[in-house]
Amino acid sequence: MALVFKSIGAHKTPPCTLNLASPALYHTRVTMASTITHPPPLKDRKISSTRRVRTYPLAPEKAEIFNSMHGWVEDTILPFLKPVEESWQPTDFLPDSTSDGFHEQVEELRKRTADLPDDYLVALVGAMVTEEALPTYQTMLNTTDVIYDESGASPVPWAVWTRAWTAEENRHGDIVNKYLYLSGRVDMKQIEKTIQYLIGSGMDPGADNNPYLAYIYTSYQERATAISHGSLGRLARQKGEMKLAQICGTISADEKRHEAAYSKIVEKLFELDPEGTMLALAYMMKMKIVMPARLMHDGKDPDMFQHFSAVSQRLGIYTAKEYTDILEHMIARWGVDKLTGLSGEGRRAQDYVCGLPMRFRKVEERAQAWAENISHVPFSWIFGRRV
């Protein structure tokens with residue numbers, strides 16, 4: 001029995017397929033109206049005891065594929081991790097609080113950040129808030145069939161990877177959070193509330209607890225965050241803030257290494273199960289690679305994610321173009337266009353995925369126009385100033 005995915009032919013293609021991961025692509029769809037709802041207060045939410053129906057539960061023989069990969073994961077994926085003693089830590093880049101010159105170091109940092117423009121600060125805060133929601137991302141992997149951490153300290157390689165990946169990622173939000181706090185340029189209490197709201201809201205990437213879908217999603221997102229932090233570093237360098245450029249570049253390098261690991265997993269799945277992996281990729285693209293911080297809000301602006309996304313698009317940090325670039329990279333990286341021996345459904349899935357980049361390119365200008373034309377709004381992160 002194969003891993004069951006709904007027939008590609010049985011679905012209508014979403015109009016222009018604009019409801020995908022790039023914030024701008026997501027918002028160009030049909031109207032510019034908000035599509036993200038402000039979560040109701042906890043006391044007003046209806047809690048159902050019925051679990052959401054999973055559309056694509058993992059078949060036993062598919063689970064066996066992942067169980068059979070333990071040795072491969074240990075030999076091939078775990079080496080992507082860096083030993084803790086060889087890893088950078090936030091204190092390597094920030095003023096030393098034990099030093100007699102701490103106050104002078106902080107003052108110097110504040111001078112360097114004084115000229116960072118508001119739109120850049122909004123983009124940097126949004127990226128940091130996304131990183132700080134790390135508990136949500138670990139939860140996603142630990143609710144995924146077969147690869148989840150059964151005990152919380154499981155020695156199974158899949159679980160070892162997830163814990164160590166989380167530990168490496170934890171430094172990213174930590175360092176930028178401390179940097180922003182020391183800069184004095186932003187309203188930390190509003191930022192902290194945004195982080196708490198986001199973690200409390202969670203996320204549903206549409207992976208249905210299915211490891212095929214989960215690893216495709218993480219491959220995509222790790223590359224997206226590598227691009228975003230690389231762009232933030234480039235802009236910081238242009239503004240003369242070399243320390244921040246170094247911080248962003250260091251984070252981006254981590255994300256590239258993590259992307260390489262997740263992409264390697266999907267590459268192996270294409271080798272072991274080309275049909276099932278092809279159908280999974282097509283399904284994930286139909287579902288859209290939703291941004292992990294899509295439910296971001298600060299308790300005031302229910303459309304904060306849209307507004308933050310527009311700022312990032314305008315600055316060229318992460319745009320509709322990058323979204324399409326990632327898809328093209330993945331198609332080439334996994335040899336999707338060269339797969340042979342697929343069933344009729346598999347070939348339809350292959351044609352669908354390989355045809356998406358051309359369709360996305362046609363709407364990039366519309367996505368940029370959306371970002372340029374959206375009204376500038378006040379951001380609580382920068383004391384209500386408009387961006």
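Backbone N, Cα and C atoms are what each Cβ position is placed from, and that goes for glycine too.
The following features are taken from Swiss-Prot:
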BINDING   GLU131, GLU169, HIS172, GLU255  Fe cation 1 binding site
BINDING   GLU169, GLU222, GLU255, HIS258  Fe cation 2 binding site
TRANSIT   1-29  transit peptide
Output field, Fe cation 1 shell: CB within 8 Å of site CB centroid, site GLU131, GLU169, HIS172, GLU255 dropped:
LEU134, GLU168, ASN170, ARG171, GLY173, THR225, HIS229, ILE251, ASP254
Roughly how many Å separate the Cα of HIS172 (Fe cation 1 binding site) from that of GLU222 (Fe cation 2 binding site), to the nearest whole number?
13
Rounded to the nearest Å - Cα separation of HIS258 (Fe cation 2 binding site) and GLU169 (Fe cation 1 binding site):
9
Whole-number Å distance between the CA of GLU131 (Fe cation 1 binding site) and the CA of GLU222 (Fe cation 2 binding site)?
11
Enumerate the residues of the same chain, GLU169, GLU222, GLU255, HIS258 excluded, that satisfy the criterion Cβ within 8 A of the mean position of the Cβ atoms of the recorded Fe cation 2 site; list them in sequence order.
TRP165, GLU168, GLN221, THR225, ALA226, ASP254, LYS256, ARG257, GLU259, TYR262
Using Cβ-Cβ distances, find the residues under 8 Å from GLU169 (Fe cation 1 binding site) that belong to the same chain and are at least 6 apart in sequence, listing them in sequence order.
GLU131, LEU134, TYR137, ASP254, HIS258
For GLU222 (Fe cation 2 binding site), what residues in its own chain, 6 or more apart in sequence, show a Cβ-Cβ distance under 8 Å?
GLU255, LYS256, HIS258, GLU259, TYR262
Could you tally the C-beta atoms, other than its own, that fall within 10 angstroms of the C-beta of GLU255 (Fe cation 1 binding site)?
24
Once the DSSP letters are reduced so that anything not helix or strand counts as coil, what is HIS258 (Fe cation 2 binding site)?
helix
